[in-house]
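A.B. asks: Quick one: this structure, given as structure tokens, is what I'll be asking you about.
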Amino acid sequence: MISSVFVLLKQVLKKWDANQNMVMSFRVSDLQMLLGFVGRSKSGLKHELVTRALQLVQFDCSPEVFKKIKELYETRYAKKSSEVAQPQPQQHRSPEALSIHSSYDRGSTVARTSISTTNIDYPALYGKYLNGLGRLPPKVAKPEVRLVKLPFYTTLDELLKPTELVPQNNEKLQESPCIFALTPRQVELIRNSRELQPGVKSVQVVLRICYTDTSSPQEDQYPPNIAVKVNHSYCSVPGYYPSNKPGVEPKRPCRPINLTHLMYLSAATNRITVTWGNYGKSYSVGLYLVRQMTSAELLQRLKTIGIKHPELCKALVKEKLRLDPDSEIATTGVRVSLICPLVKMRLSVPCRAETCAHLQCFDAVFYLQMNEKKPTWMCPVCDKPAPYDQLIIDGLLSKILTECEDADEIEYLVDGSWCPIRAEKERSCSPQCPILVLGSSDVNGLLPTPNGNGENGKATADVVDLTLDSSSSEEEEEEDEEDDDDDEGPQPKRRCSYEKGLVSAC
């Protein structure tokens with residue numbers, strides 16, 4: 001028993017020595033491919049890369065790492081493997097670096113996708129026996145690159161998981177080919193889907209590209225000098241937004257690239273070639289079968305599942321206006337505009353993000369339409385992220401909009417109630433300041449009422465309106481004389497509703 005253990009240990013040490021010798025003979029590109037395979041850093045000088053690779057051999061002795069080392073060594077020295085080569089399936093293989101082979105069973109509706117880096121298809125060997133050795137220590141699962149969910153795209157199938165674009169040489173411009181085939185069910189979904197516009201189906205095969213970062217879901221990001229070729233034709237890629245500011249680099253809208261119109265909608269294989277610039281950053285690509293949604297469909301979904309009950313909104317108002325004992329300022333009310341800050345029109349579907357701290361809403365209709373054209377998902381009120389899955393429709397403000405049609409602003413009170421704030425009416429031509437009475441016996445000289453009669457029905461003293469010029473006074477006196485002569489004539493227009501003889505004290 002002891003002798004067999006020593007034999008096994010001797011074989012393990014021999015294999016470690018063989019792998020170390022292979023690693024020592026690698027070039028920089030081989031070391032980078034090995035480190036990228038296990039998710040380690042690929043930057044640095046050659047001796048730093050060798051050190052990391054040797055540590056990998058010593059501490060991560062998984063079958064997959066051994067296979068990768070042997071594969072790179074055989075590729076470099078053009079030697080065929082005789083120990084671990086697996087029989088190749090009867091399927092077309094691509095000799096390039098990035099090859100995606102999708103096949104399907106006739107009785108199955110889900111495509112199988114396997115990724116290979118050479119002509120030999122190496123399956124996962126974790127948990128199996130290798131060269132007569134016992135079960136090796138378990139390997140920690142490598143985190144995968146994840147892409148953020150896009151509200152306007154519903155994923156139906158994942159044709160290719162995010163796979164890193166690995167440079168094959170030191171050239172700045174790299175090419176990575178992919179080969180895959182659709183299942184009959186996927187072809188049928190595409191053909192039977194409705195058209196969003198002429199030539200554009202709602203069910204699509206899209207290509208998504210992002211940074212190779214496993215720490216968090218990644219947004220779409222194109223590498224420099226990107227070009228996508230589907231079969232024999234190049235696919236259009238969104239261009240840059242023009243920038244009028246000097247010194248500001250123009251931005252490019254990075255969205256999923258629709259490949260459907262250039263693909264073979266049959267059991268035939270499709271070839272995709274991604275051309276990209278290798279400038280130090282690592283990128284990953286993924287292929288998905290998606291259904292593209294419209295802003296009207298997202299609005300209908302939001303109305304179905306995203307309405308917040310008026311009582312809950314009322315409780316939120318009370319919470320906002322609740323008296324804080326530590327604060328010296330008491331808030332008795334908060335004003336909310338019924339005008340959308342996006343388009344300056346009256347709200348129709350009041351909406352806001354659940355993470356926003358304000359009560360002001362914006363119109364969901366226009367917000368979704370704007371993000372359909374140029375997705376930013378930023379709140380127009382507080383300029384903070386307002387993604388679709390966090391949007392709510394304010395049930396209380398929706399009710400207020402139907403009850404208050406003659407006001408553009410309301411005020412919430414501390415008890416959760418509200419009152420409309422209507423625009424002030426146009427000021428009348430009547431003076432808004434106290435009236436000075438000339439010749440009055442009153443001490444202050446103020447006329448309390450604009451009547452011609454005094455307090456006891458007595459006539460008050462004559463007053464003079466100093467706001468009129470002399471010519472106007474003469475014209476009015478002439479008009480009064482004409483009125484005495486002809487009582488049936490038209491009445492003259494007066495500049496003020498008060499009687500003559502009033503003077504402003506302002």
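Along the chain as shown, the residues are counted starting at 1.
Cβ atoms here come from the backbone N, Cα and C positions, even for glycine.
Annotated domain 'SAP' per TrEMBL: 23-57, in sequence order. According to TrEMBL, the feature region 'Disordered' maps to 80-105, 446-506. Here TrEMBL flags 83-92 as compositional bias 'Polar residues'. Look at TrEMBL and you will find 131-293 tagged as domain 'PINIT'. As annotated by TrEMBL, domain 'SP-RING-type' applies to 325-406. What TrEMBL records for 472-489 is compositional bias 'Acidic residues'.
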A.B. asks: Using DSSP, tally how many residues of the domain 'SP-RING-type' (325-406) sit in helix, strand and coil.
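C.D. replies: Helix, strand, coil within the domain 'SP-RING-type' (325-406): 22 helix, 19 strand, 41 coil.
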A.B. asks: Note the mean pLDDT of the domain 'SP-RING-type' (325-406), expressed as a whole number.
C.D. replies: 91
A.B. asks: Mind tallying the domain 'SAP' (23-57) by DSSP state, helix then strand then coil?
C.D. replies: 24 helix, 0 strand, 11 coil
